[in-house]
Amino acid sequence: MAYTNQISAVVFLAVAIAPLLAEPQSTMFPEMTPECATVMPDLLEKCFATGSVTPTEDCCTDLKSATSTQVTCLCDNYIANPAVSNITGPYSKAITTKCGVFDKYSCDGTSKGGEEKKGGSSSSNGKDNGKSEGNGGRANSVAASMAMFGLLASLVFVMF
């Protein structure tokens, strides 16, 4: 009889937690406009694909002449999402600082790139360290659900 109760409790918990795990997950790649997808590869190749923190003249010229749309595209889709590309905050900061456009490209993935900052230079690394990256904390949600399931299942087994 106790074994039947344990099975029933485990099945109940599995059915109760399953809808939480079935929520659609966000995509790894951010949404990108067609303009962003066609314009950015050239700039990315000139500036960030070399692996060097010393930018070329062509790179600096392109960074200085970039429109606000291009800045927003670079910030939101590449700098703020290192999972998509290898452009990390410190690497981006090194290149944009040497080109003299750090204030223009100091962004955090919130479509605010290209806005001039008021009052002095920024010491930001180009990322918001308080945010989770990639999946918006979905992995933590799954881990918490599984931990709760394990806790409840062990309590049920101890009781019966």
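In case you wondered, yes, glycine gets a Cβ from its N, Cα and C as well.
Annotation comment: Swiss-Prot describes 1-22 as signal peptide.
In the three-state DSSP scheme, Cys36 (disulfide bond) is classed as helix. The disulfide bond annotation in Swiss-Prot covers Cys36-Cys75 (among others) and is backed by similarity to another entry.
Taken from Swiss-Prot, the feature disulfide bond covers Cys47-Cys59 (among others). Under DSSP, Cys47 (disulfide bond) is assigned to a helix (H, G or I) in the three-state scheme.
Other Cβ atoms within 10 Å of the Cβ of Cys99 (disulfide bond) number 20 in total over all chains. Annotation comment: Swiss-Prot describes Cys60-Cys99 (among others) as disulfide bond.
Counting only same-chain residues at least 6 apart in sequence, those with a Cβ under 8 Å from the Cβ of Cys73 (disulfide bond) are Met32, Thr33, Glu35, Cys36, Val39, Met40. Residues or ranges marked as disulfide bond in Swiss-Prot (evidence: similarity to another entry): Cys73-Cys107 (among others).
Positions annotated as N-linked glycosylation site by Swiss-Prot: Asn86.
Marked as region 'Disordered' by Swiss-Prot: 111-136.
Positions annotated as GPI-anchor amidated asparagine by Swiss-Prot, on the basis of sequence analysis: Asn135.
For Cys75 (disulfide bond), the spatially nearest entry among the disulfide-bonded residues Cys47, Cys59, Cys60, Cys99 is Cys47, judged by CA separation.
Considering only the disulfide-bonded residues Cys59, Cys60, the Cβ with the fewest other Cβ atoms within 10 Å is that of Cys60. Geometry remark: Cys60 (disulfide bond) versus Cys47 (disulfide bond), CA distance 8 Å. Applying an 8 A CB threshold to same-chain residues 6+ apart, the list for Cys47 (disulfide bond) reads Pro55, Thr56, Cys59, Asp62, Leu63, Ile95. Annotation: Cys75 carries the greatest number of neighbouring Cβ atoms among the disulfide-bonded residues Cys36, Cys75 [cut-off 10 Å, Cβ to Cβ].
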